Amino acid sequence: MNINFKELANKYQTPYYVYDFDHITNQYEELKGAFRARKSLIAYAVKANSNLSVIKHLANLGAGADCVSIGEVKRALKVGIPAYKIIFSGVGKIDDEIRQALELDILMINVESDAELQRVEIIAKELGKVARISIRVNPNIDPKTHPYISTGLHENKFGVDIDTAKRMYIQCKNSENLDPVGIHCHIGSQLTQLQPIKESVKIIADLVRNLKAIKIELSFMDIGGGLGIVYKDETLIDTNEYAQSVLETMFGLDITVVCEPGRFMVGNAGTFVTKVLYEKVNGNKRFVIVDGAMNDLIRPSLYNAYHRIEVLNDNKEFSDCNLVGPVCESGDFFAKNIELPKTEHNDLVAIYSAGAYGFTMASNYNTRGKVAEIAIENGKDRLIRRRETFEDIIALEEEFIK
Ligand code: LLP
């Protein structure tokens with residue numbers, strides 16, 4: 001990726017996110033190719049980056065969508081992902097979301113509890129529909145990642161245990177309004193070890209075979225997302241080995257493999273670019289203050305996440321500092337105790353690997369408008385979301401002032 005950040009800053013101002021769409025294409029093709037031995041559906045996890053143009057790009061490549069709200073489902077439909085490639089997951093679906101998902105006739109609803117299954121059945125009955133169901137199994141496997149993004153242990157709120165899942169499948173089979181079509185598991189995000197994935201996929205494949213023996217035949221085996229990316233120096237899971245070890249578990253089954261990558265698709269396509277406002281020294285601590293902040297990219301503050309950072313100037317005089325934003329919280333930092341060169345007002349700073357869970361986790365904290373998003377495709381840049389103005393931010397409140 002060779003992007004002229006300076007030119008983009010002149011054209012669109014800062015801060016901004018820029019995404020390399022060609023990188024997204026390569027990531028999609030790599031994963032799709034790895035599963036070529038089977039029928040597969042790559043259902044992009046929209047939560048990672050839900051910009052309509054990003055989803056559209058993936059739609060054009062043939063991707064489906066893994067959604068966790070009806071809003072995400074509508075985003076996917078809006079840019080042309082066909083309903084039959086859309087999955088709706090999430091531990092807390094609202095009745096109205098279930099109703100809309102059924103009316104929109106999406107591929108399947110990924111059910112995460114017994115209680116939810118009862119709700120789906122009631123709503124499907126009211127609508128006179130048959131709900132296609134997938135059940136999220138919690139395999140109780142430690143994915144060995146950050147605890148906030150680990151989901152596959154019984155202590156996490158996600159999915160149901162194997163015995164509950166079996167009961168739920170039988171209930172589906174006996175219901176006129178439920179059709180069991182899929183099984184799902186997702187053990188966590190930013191995974192860099194294959195073993196836990198292998199173990200959990202084996203658990204669900206065994207369950208699929210057990211169900212087949214009692215005449216419950218599933219069509220989709222959804223292995224979740226979670227493939228890690230390089231932020232620093234991580235050794236990654238090889239996509240071919242990943243696909244191979246998944247496919248190996250599926251012997252004797254005529255089933256479509258589904259996976260739901262988010263970060264893998266867009267993480268390293270994105271860079272957050274901000275500019276230096278000031279430098280200051282408190283005691284003997286140096287601070288570089290930039291115009292971007294935790295409300296734009298919260299991963300460092302929230303997870304202590306590492307993002308590679310580069311100041312785009314030629315200064316060779318490096319020293320230790322904290323790179324911070326203007327928000328009134330000590331937690332507003334991009335990096336602490338990092339060696340950066342001496343900066344001048346308006347120097348640009350690139351924060352890499354910011355394409356996933358960057359913009360989608362942004363807020364208007366401190367009445368800061370969400371930043372612009374830019375796409376680069378075939379060497380050409382285009383705006384894909386304009387910067388929010390003050391008027392945008394107050395638009396939903398203004399009429400209520402008394
Ligand atoms: N499928 C399910 C059911 C998920 O819960 C997730 C992510 C994915 C797929 C996509 O996972 P990925 O391929 O992107 O790892 N905000 C955090 C990450 C939260 C992930 C939540 N679930 C971060 O910034 O690291």
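Cβ atoms are placed via backbone N, Cα and C, with glycine included.
Residues or ranges marked as domain 'Orn/DAP/Arg decarboxylase 2 N-terminal' in TrEMBL: 22-266.
Within 10 Å of the C-beta of Lys47 (N6-(pyridoxal phosphate)lysine) there are 21 other C-beta atoms, taking all protein chains into account. Annotation comment: TrEMBL describes Lys47 as N6-(pyridoxal phosphate)lysine.
Residues annotated as pyridoxal 5'-phosphate binding site in TrEMBL: Gly226, Glu260, Pro261, Gly262, Arg263, Tyr357. Its own atom aside, the Cβ of Pro261 (pyridoxal 5'-phosphate binding site) has 26 Cβ atoms within 10 angstroms in the protein chains shown.
Residues or ranges marked as substrate binding site in TrEMBL: Arg263, Arg299, Tyr303, Glu329, Tyr357. Counting every protein chain shown, the number of other Cβ atoms lying within 10 Å of the Cβ of Tyr303 (substrate binding site) is 14.
The number of other Cβ atoms within 10 Å of the Cβ belonging to Cys328 (active site, proton donor), over all protein chains shown, comes to 9. Taken from TrEMBL, the feature active site, proton donor covers Cys328.
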Query raised in the report: Under 6 Å from ligand 1 by Cβ, which binding-site residues from Pro261, Arg299, Glu329?
Result: Pro261, Arg299
**Report entry** Pairwise Cα distance for Arg263 (pyridoxal 5'-phosphate binding site)/Lys47 (N6-(pyridoxal phosphate)lysine) [Å, integer]
**Finding:** 9
Requested in this report: Starting from the Cβ centroid of Gly226, Glu260, Pro261, Gly262, Arg263, Tyr357, the recorded pyridoxal 5'-phosphate site, name every other residue in that chain with its Cβ within 8 Å, sequence order please.
Outcome: Ala45, Lys47, Ala48, Ser189, Gly225, Leu227, Phe264, Met265, Gly267, Ala356
Query raised in the report: Which whole number is the mean pLDDT over the domain 'Orn/DAP/Arg decarboxylase 2 N-terminal' (22-266)?
Result: 95
Requested in this report: Please name which of the recorded positions listed here, Lys47, Arg299, Tyr303, is nearest in space to Glu260 (pyridoxal 5'-phosphate binding site), Cα against Cα.
Outcome: Lys47
